[in-house]
Amino acid sequence: MGFVLPASFPGASSITTGGSCLRSKQYAKNYYASSYVTTLWHKKGKIQKEYCAVIFSRHNLKQHYKVNEGGSTSKECEKKYVVNAISEQSFEYEPQARDPKNIWGSVNDALDTFYKFCRPYAIFSVVLGATFKSLVAVERLSDLSLAFFIGWLQVVVAVICIHIFDVGLNQLCDIEIDKINKPDLPLASGNLSFRNVVIITASSLILGLGFAWIVGSWPLFWTVFICCMFAAAYNVDLPLLRWKKYPVLTAISFIANVAVTRSLGFFLHMQTCVFKRPTTFPRPLIFCTAIVSIYAIVIALFKDIPDMEGDEKFGIQSLSLRLGPKRVFWICVSLLEMAYGVTILVGATSPILWSKIITVLGHAILASVLWYHAKSTDLTSNVVLQSFYMFIWKLHTAEYCLIPLFR
């Protein structure tokens with residue numbers, strides 16, 4: 001007994017089972033996908049499936065198919081696949097199910113792309129910074145309550161939204177530059193489309209402002225708004241904007257955004273909205289703003305050293321292009337060493353013994369480690385300079401750990 005599954009060709013076919021012969025008419029039409037004829041014979045529990053796959057071009061092809069009971073021939077068939085299968089139960093066609101491993105692989109790739117898009121070295125630092133800036137408002141151990149934890153989570157959500165908006169807008173405005181300086185970024189490499197990055201960036205802004213509004217914290221709302229406006233002024237290429245072209249405006253943008261706005265905003269959110277205390281500006285807050293301002297200047301200047309090639313091509317006159325990478329490198333190192341020296345002197349005046357010891361000893365260690373790395377850095381290697389830039393971010397993170405301990 002013969003079982004025949006007709007192929008999905010447009011037109012009629014004459015099928016003869018008694019004579020063990022199937023003849024198909026000639027077709028002279030344009031096809032843009034491969035078609036196949038499947039003939040199944042059931043004999044002693046065995047199924048023989050024969051596929052004749054035809055790749056049709058945009059030219060007219062005449063194809064003749066002749067399918068016999070014992071075999072299959074094709075006069076003008078470019079590819080032929082024969083599959084022998086043995087089955088004793090069912091001869092019905094069953095669609096292939098999706099491989100869960102492939103689905104998980106796609107999800108994993110998407111998460112990895114988003115992870116790279118967010119620049120993990122920076123997002124870790126900003127979240128840690130927001131955490132320790134929130135701790136500045138803690139006056140006693142009893143302040144570390146559930147209310148503090150909820151307020152801290154609110155700050156973390158806000159700062160992540162700010163960060164994603166910042167990096168997203170930067171990549172949107174610097175696509176061509178990043179293809180030279182940072183070709184591994186998702187947008188520059190093509191792993192993320194321009195449209196998707198626009199959606200992610202706009203969503204982070206809306207989510208940040210909406211979240212702060214729902215929480216009912218005006219310090220948090222204005223922190224998100226002002227930080228995003230500084231990010232736009234720094235990146236967007238419009239009249240009076242695109243501050244990254246000018247070293248002084250770049251430094252001002254980083255100080256105002258990272259040091260002043262975030263330090264004050266997160267502290268006031270915890271102080272007034274979480275702890276319900278009057279607005280004050282304690283000594284740790286002033287120290288936090290001052291030391292983070294130095295780091296903001298150093299990061300703003302140093303980040304352009306590995307990016308000189310792309311900046312020069314697109315007319316961005318960074319300080320590294322004006323003074324040279326070596327001079328800017330040692331300016332950044334000197335600024336950090338001076339900041340550590342001043343911090344050691346100020347920390348020594350603390351009336352609290354444990355705060356005095358931690359502040360002096362901690363910054364002395366940071367200063368020593370920085371000097372050791374600076375002396376062994378090859379200033380002619382762009383890879384080494386990029387590595388040193390990552391090292392500055394690590395120092396920045398370590399500084400955040402010391403800030404709440406300054407009293």
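Each residue, glycine too, has its Cβ placed from N, Cα and C.
A quick note: this is a predicted structure, and the numbers were derived from the prediction, not measured.
Feature annotation from Swiss-Prot assigns transit peptide to 1-23. Per Swiss-Prot, transmembrane segment is recorded for 117-137, 145-165, 206-226, 248-268, 285-305, 328-348, 352-372, 383-403, and the stated evidence type is sequence analysis.
Beyond the transmembrane segment (285-305), the same-chain residues lying 6 or more positions past its ends with a Cβ under 8 Å from any Cβ of the stretch are 129, 133, 136, 247, 250-251, 253-255, 257-260, 263-264, 267, 311, 316, 318-321, 325, 328-329, 331-332, 335-336, 338-339, 343, 346, 385, 388-389, 392-393, 395-396, 399, 403, 406. Between the transmembrane segment (145-165) and the listed ranges 117-137, 206-226, 352-372, 383-403, the one holding the most Cβ pairs under 8 Å is 117-137. Beyond the transmembrane segment (206-226), the same-chain residues lying 6 or more positions past its ends with a Cβ under 8 Å from any Cβ of the stretch are 154-155, 157-158, 161-162, 165, 257, 261-262, 264-266, 268-269, 272-273. Sequence-distant contacts of the transmembrane segment (352-372) (same chain, at least 6 residues past either end, Cβ-Cβ under 8 Å): 333, 336-337, 340-341, 343-344, 346, 395, 398-399, 402, 405-407.
Beyond the ends of the transmembrane segment (117-137), by six or more residues, the same chain brings 143, 148, 151-152, 155-156, 158-160, 162-164, 167-168, 171, 185-187, 192, 197, 200, 262-263, 266-267, 269-271, 274-275, 282, 284-285, 288, 292, 390, 393, 396-397, 400-401, 403-404 to within a C-beta distance below 8 angstroms of the stretch.
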